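Colleague: Quick one: the structure is below, questions incoming.
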Amino acid sequence: MEDFVRQCFNPMIVELAEKAMKEYGEDPKIETNKFAAICTHLEVCFMYSDFHFIDERGESIIVESGDPNALLKHRFEIIEGRDRTMAWTVVNSICNTTRVEKPKFLPDLYDYKENRFIEIGVTRREVHIYYLEKANKIKSEKTHIHIFSFTGEEMATKADYTLDEESRARIKTRLFTIRQEMASRGLWDSFVSPREAKRQLKKDLKSQEPCAGSPTKVSHRTSPALKTLEPMWMDSSRTAALRASFLKCPKK
């Protein structure tokens, strides 16, 4: 699974996921299913945000050009992917500026058009079950919830899906592709079933020995985005930086 994640996702997303797991004392090499889930969630958050801007009249528009008009403002502020301290700093700043109620839990995005925080969910289970779990945890009508599944289903607060159909279809297609690629490598069942995942983990740990096999070649170059994470979310260059992550996973 770890090899799959490093092949399938944009290196920047992989680095952010590793950083997030280490912040909570988790090891991406051991908790590989969680590693894959975090990368998937990060990518969906970025795809949700990408190409969406607000023009000078306050209208939401979609711009896929790499160099949008300077008067355009990103519609979504990405909170997911930052370290906790910076994430709360961004949330506090938004609340102070917009007078929106501060959430109890860190949300994933802020929508400047609808003036609301958004919680994004990606589930391997039934969307309505995961939606209820999220709503139960958040306990706030102010935070908008949008759940996607790997089967193309989705569910959102008051059936308000925020994005246009084409943007949502792009996300669903990517999730379906990830599922298909996992299945083709025999990884999907363990990704869905915790019991199967534990069995696979024991098997993997048993087979791991020092110097066993050749290590996978991975680029360890630090992404410029990680050095300047804060301004990156505000700059239009993020579209180009993340576009590669929308591509189909390479076959082995």
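In case you wondered, yes, glycine gets a Cβ from its N, Cα and C as well.
Annotated active site per Swiss-Prot: Glu80, Asp108, in sequence order, evidence recorded as similarity to another entry. According to Swiss-Prot, the region 'Disordered' annotation covers 202-223. For Arg195, Lys198, Arg199, the entry in Swiss-Prot reads site 'Important for efficient shutoff activity and nuclear localization'. The site 'Important for efficient shutoff activity' annotation in Swiss-Prot covers Lys202, Lys203, Lys206 and rests on similarity to another entry.
So where do these features actually land, and what's packed around them?
Modeller: Of all the Cβ atoms in the protein chains shown, 22 others lie within 10 Å of the Cβ of Glu80 (active site).
In the three-state DSSP classification, Asp108 (active site) falls within coil. The Cβ of Asp108 (active site) lies under 8 Å from the Cβ of His41, Cys45, Ile78, Ile79, Glu80, Ile118, Glu119, Ile120, each on the same chain and at least six residues away in sequence.
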Colleague: According to DSSP, folded down to helix, strand and coil, what is Glu80 (active site)?
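Modeller: In three-state terms, Glu80 (active site) counts as coil.
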